């Protein structure tokens, strides 16, 4: 009998929960409007619900009236933006994920020590923009092995590397291997800068791939970690679709006869997962459902001190 295999863990991580709660509690405490720099997390469903409650999402701090409260998103911001907020008299509340903050701190520390930092990630992603702002003259962003091969440094230069927290572990490992081959002296943090939730969701998906021939990744197309989940499946030869609404679960699935895997990005609400699951069961009524637990998660991040 065909079955749906639900990955666990999936969906919201501790950093996303903290960021969403930061906006919700701020609205409860101070009322609307509360301004938020960038989407608080990369998921349209989450952003739309918070907008209905009174959050105003902006990209330019000039859009925020003086002396208003502004929340920085989970992805982090460059120091220059914090300075701009202070200069404009804004009351800033920081919802940056603690694991992103850890990368910022490491970059700042090693830049002060004279190291050049190789930052592995998508250079246009808001997280990378924020990290790069810590030491723009001492950071080089690389997205792939070809860019590693084009780096101008010598085997004597002091080099340190970190990664975007939401990268594919597969891709990051390949890039790191290329870096170490060229620069044996390069080093990083004692623990990976790819966050625990990214590692767990990718690990949970890899765990079920031998049992399925099709995967739905429930997540927003703007979500880095959701896109990386899709790539994890495709890299291992399993067809994967990134969907963010049950309407995107289509009769295409009827072309496949094997088991179906379902996972969700770290910014995806569980009610969206369940809605997509119901649509799938409508299309294929005799599917059974099995949960595949990869690891338990119990990480909790405290809300910002202002709340």
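Glycine is no exception: its Cβ is also placed from the backbone N, Cα and C atoms.
Annotated in Swiss-Prot:
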type     : residues                             : note
ACT_SITE : 127                                  : active site, proton donor
BINDING  : 13, 97, 195                          : [4Fe-4S] cluster binding site
BINDING  : 42, 75, 125, 165, 223, 224, 225, 267 : (2E)-4-hydroxy-3-methylbut-2-enyl diphosphate binding site
BINDING  : 42, 75, 125, 223, 224, 225, 267      : dimethylallyl diphosphate binding site
BINDING  : 42, 75, 125, 223, 224, 225, 267      : isopentenyl diphosphate binding site
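Listed in sequence order, the residues 41, 127, 166, 222, 226, 265, 266 complete the 8 Å Cβ shell around the (2E)-4-hydroxy-3-methylbut-2-enyl diphosphate site centroid, once 42, 75, 125, 165, 223, 224, 225, 267 themselves are left out. A straight line from the CA of residue 224 ((2E)-4-hydroxy-3-methylbut-2-enyl diphosphate binding site) to the CA of the residue listed as 'active site, proton donor' spans 10 Å.
Considering only the recorded positions 13, 97, 127, 195, the residues lying within 10 A of residue 75 ((2E)-4-hydroxy-3-methylbut-2-enyl diphosphate binding site) on a C-alpha to C-alpha basis are 97, 127. Under DSSP, residue 225 ((2E)-4-hydroxy-3-methylbut-2-enyl diphosphate binding site) is assigned to a helix (H, G or I) in the three-state scheme.
Its Cβ taken as reference, residue 223 ((2E)-4-hydroxy-3-methylbut-2-enyl diphosphate binding site) is surrounded by 24 other Cβ atoms within 10 Å in the chains shown.
Of the listed binding-site residues, namely 42, 75, 125, the sparsest Cβ surroundings within 10 Å are found at 125. A distance of 10 Å separates the Cα atom of residue 97 ([4Fe-4S] cluster binding site) from that of residue 165 ((2E)-4-hydroxy-3-methylbut-2-enyl diphosphate binding site).
Calculated from their C-alpha atoms, the gap between residue 125 ((2E)-4-hydroxy-3-methylbut-2-enyl diphosphate binding site) and residue 195 ([4Fe-4S] cluster binding site) amounts to 16 Å. Taking the mean position of the Cβ atoms of 13, 97, 195 as the [4Fe-4S] cluster site, the remaining residues of that chain whose Cβ falls within 8 Å of it are 14, 15, 16, 74, 98, 99, 100, 165, 166, 196, 197, 198, 266. Between the two most distant C-alpha atoms of the annotated dimethylallyl diphosphate binders (42, 75, 125, 223, 224, 225, 267) there are 15 Å. Note: the Cα of the residue listed as 'active site, proton donor' and the Cα of residue 225 ((2E)-4-hydroxy-3-methylbut-2-enyl diphosphate binding site) are spaced 12 Å from each other. In terms of Cα spacing, the binding-site residues 42, 165, 223, 225 all stay beyond 10 Å of residue 13 ([4Fe-4S] cluster binding site). Neighbour list (residue 267 ((2E)-4-hydroxy-3-methylbut-2-enyl diphosphate binding site), Cβ cut-off 8 Å, at least 6 residues apart, same chain): 12, 16, 41, 42, 43, 46, 219, 220, 223, 225, 226. Annotation for residue 195 ([4Fe-4S] cluster binding site): same-chain Cβ neighbours under 8 Å, separated by at least 6 residues, are 13, 15, 97, 99, 100, 165, 166.
Mapped onto three states, the DSSP output places the residue listed as 'active site, proton donor' in helix.
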